[in-house]
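Take a look at the structure below.
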Amino acid sequence: MWWDERVSVRFRRNLQPTLTYWSVFFSFGLCIGFLGPTLLDLRCQTQSSLSQITWVFFSQQFCLLLGSCLGGVFKRTLAQSLFALFASSLAISLVFAIIPLCHNVVVLAVVMAVAGLAMGCIDTISNMQLVKIYQKDSAIFLQALHFFVGFGALLSPLIADPFLSDTNCILSNSTANASSNLPHIRKSLVPHHPGNLSHYDLPMKGMVVTRVSYAFWIMALINLPVPIAVFFLLYKERMVPCFNSSSHPLLPADELAMEARPVEKDDLSTAVQRPRAAGGHDDLFSCCQSKNFRGASYTYFAVHITGALVLFMTDGIVGEYSGFVYSYAVEEPLSVVHKVAGYLPSLFWGFITLGRLISIPVSYRVKPATMVFINVVGVLLTFLLLLIFSYSIVFLFVGTASLGLFLSSTFPSMLAYTEDILQYKGCATTVLVTGAGIGEMVLQLLVGSIIHDQGSYSFLVCGMIFGGLAFTFYAFLLFFHRMYPKPSSDLDAASPDKPAVVDDTGQYQR
């Protein structure tokens, strides 16, 4: 294997929980990718206007952010985390099954809000648990985790595509003009910015003819094994009340050998200190309590803030670029035909997924700090070249692929790097997940408003500015890393700056 034996043993020992967290993130990806392509058919199903249906986007994004903030509440014990993941993944399957029954846009928005809460919990808890299990070895497993969300986001549009309406799915006397422009309208829909689509006459009353329900039912069935996998992990850990027993499972051979090994002084000190290292990684509101600030240096807060700001910018770029690259391409000066421009968002997400796959082996050889540096510099240079060659359609496609590659591994690399700086004792996972979620929502709204007022060229200018800010914040993070106190045995155990003791055995701790 291309990694060393120590990491391989640790992975085998934690195989079931690791695969379970990866599968739950696949559910997260399924939910991310389906809404955009199916939104017009959902508009027909709810017989709503374009401006009304875009509120469904907002309800999902806002509640995803809220779920990310609250996800740490369920991290207090392993049982709470797994029950939250089971409820969240099951909720996503139920949401897929219920969406075809929602014939009112308000009801649909409420259902998507529930999906957003479940997605937010999945995002925070899965990242937290993988960091907790692998700690200094977590980078490679976080890269794999985020590959699965990209894979799910690619799969759901492919599932939905055969069931999308080729003509207007509300039959009336005024459907001819709108039907011929459906692909253009579908690609231009982003949260709260239907763009300049108001002149298209999409009927709101008439006979509804759509087959999109089948797509959602198929996705519900595909997602169903995920909560089952979480339930089996709960069962294995003796956390299902009706199946709980006092007997303990037999130890595997390698763990039995470790149990029989003589206890050395260092191991004894590690065992004594481990209960003290159980803190950290609370929800966002618990992180803000004054007791967590006691004895913390200013660099402790600076690392959290600068790390979150880097992801605020980079995840914001992902949201604004995927949302508006199509609209930018079809406008002057490029004036790409609608059908060709429609490949740009798919190309972008495809290379994000490819980049995450490539990053799995790369992250084992390259430090997270180096990977983040390569990512932010690559994003900045790509936007610079896109501005220079702004009249080149070919380079727009090349730049879109390049941007997807550079953005792909930024989040997991930044999470691994920041947690390592804080010795796994801060609130980095919760703060970073929340910062990324806010950036994706806020920057997409901001760029949409700027494009509406200033024209399509401002799309690349905004990306260049966000990339420059991401690089600047990362430079500040490097500076605060150098200033951050080094691990020391005489630090007070209650201090947030106290390093966590890494469990070298890789045991799956309750």
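Using the three backbone atoms N, Cα and C, a Cβ is placed for every residue, glycine included.
Residues or ranges marked as transmembrane segment by TrEMBL: 21-40 (among others). Away from its own ends, the transmembrane segment (21-40) comes close to residues 53-54, 56-57, 60, 85, 88-89, 92-93, 95-96, 112, 115, 118-119, 122-123, 126, 129-130, 144-146, 148-157, 159-161, 164-165, 169, 182, 185-186, 189-190, 212, 215-216, 219, 222-223, 225-226, 229-230, 349 of its chain (Cβ-Cβ under 8 Å, at least six residues beyond either end).
The transmembrane segment annotation in TrEMBL covers 52-74 (among others).
Per TrEMBL, transmembrane segment is recorded for 81-99 (among others).
Annotation source TrEMBL lists transmembrane segment at 105-126 (among others).
Residues annotated as transmembrane segment in TrEMBL: 138-159 (among others). Distant neighbours of the transmembrane segment (138-159): 3, 7, 11, 18, 21-23, 25-34, 36-37, 126-127, 130-131, 215, 218-219, 222, 346, 349-350, 352-353, 356-357, 359-361, 363-364, 368, 371, 408-409, 411-413, 415-416, 419; these residues of the same chain sit at least 6 beyond its ends, with a Cβ under 8 Å from one of its Cβ atoms.
Long-range contacts of the transmembrane segment (214-235) within the same chain, counting only residues at least 6 positions beyond its ends with a Cβ under 8 Å from a Cβ of the stretch, are 16-17, 19-20, 23-24, 26-27, 30, 34, 38, 79, 82-83, 85-86, 89-90, 92-94, 96-97, 99-100, 155-156, 159-160, 162-164, 243. Residues annotated as transmembrane segment in TrEMBL: 214-235 (among others).
Sequence annotations record features per position, and here TrEMBL assigns transmembrane segment to 298-318 (among others). For the transmembrane segment (298-318), the list of distant contacts is 352, 372, 375-376, 379, 403, 407, 410-411, 414, 417-418, 421-422, 426-428, 431-432, 434-440, 442-444, 463, 466-467, 469-470, 473-474, 476-477, 480-481, 483-485, 496-497: same-chain residues at least six beyond its ends, Cβ to Cβ under 8 Å.
Annotation comment: TrEMBL describes 340-358 (among others) as transmembrane segment.
Same-chain neighbours of the transmembrane segment (370-389): 139, 310, 314, 317, 359, 362-363, 395-396, 399, 402-403, 405-407, 409-410, 413-414, 417, 460-461, 463-464, 467-468, 470-471, 474, counting only residues six or more beyond its ends whose CB sits under 8 Å from a CB of the stretch. Summarising the annotation, TrEMBL assigns transmembrane segment to 370-389 (among others).
Remote same-chain residues near the transmembrane segment (395-417) are listed as 127, 131, 138-139, 142-143, 145-146, 150, 307, 310-311, 314-315, 317-318, 321, 325, 329, 334, 336, 343-344, 347-356, 358-359, 362-363, 367-369, 371-372, 374-376, 378-379, 382-383, 385-386, 389, 428-429, 432, 436 (criterion: CB distance under 8 Å, separation of at least six residues from the stretch ends). Annotated transmembrane segment per TrEMBL: 395-417 (among others), in sequence order.
Within the same chain, residues 61-62, 64-65, 68-69, 71-72, 120, 123-124, 127-128, 131, 190-193, 281-284, 287, 304-305, 307-309, 311-320, 323-324, 327-328, 411, 414-415, 418-419, 458-459, 462, 466 sit at least 6 positions outside the transmembrane segment (429-451) and bring their C-beta atoms closer than 8 Å to a C-beta of that stretch. The feature transmembrane segment is assigned by TrEMBL to 429-451 (among others).
What TrEMBL lists as transmembrane segment is 457-480 (among others). For the transmembrane segment (457-480), same-chain residues at least 6 beyond its ends with a Cβ under 8 Å from one of its own Cβ atoms are 299, 302-303, 306-307, 309-310, 313-314, 316-317, 320-321, 324-325, 327-328, 369, 372-373, 376-377, 379-380, 382-384, 386-387, 390, 418, 443, 446-447, 450-451.
The region 'Disordered' annotation in TrEMBL covers 489-510.
Among residues of the same chain six or more beyond the transmembrane segment (81-99), those with a C-beta under 8 A of the stretch's C-beta atoms are 20-21, 24, 27, 30-31, 42, 71, 74-75, 108, 111-112, 114-115, 117-119, 121-122, 125-126, 128-129, 213, 216-217, 219-220, 223-224, 226-227, 230-231, 233-234, 237, 239. Sequence-distant contacts of the transmembrane segment (105-126), counting only residues of its own chain at least 6 positions beyond either end whose CB sits under 8 Å from a CB of the stretch, comprise 21, 24-25, 27-28, 31-32, 35, 42, 45-46, 48, 52-53, 55-56, 59-72, 74-75, 81, 84-85, 87-89, 91-92, 95, 98-99, 145, 283, 429-430, 433, 437.
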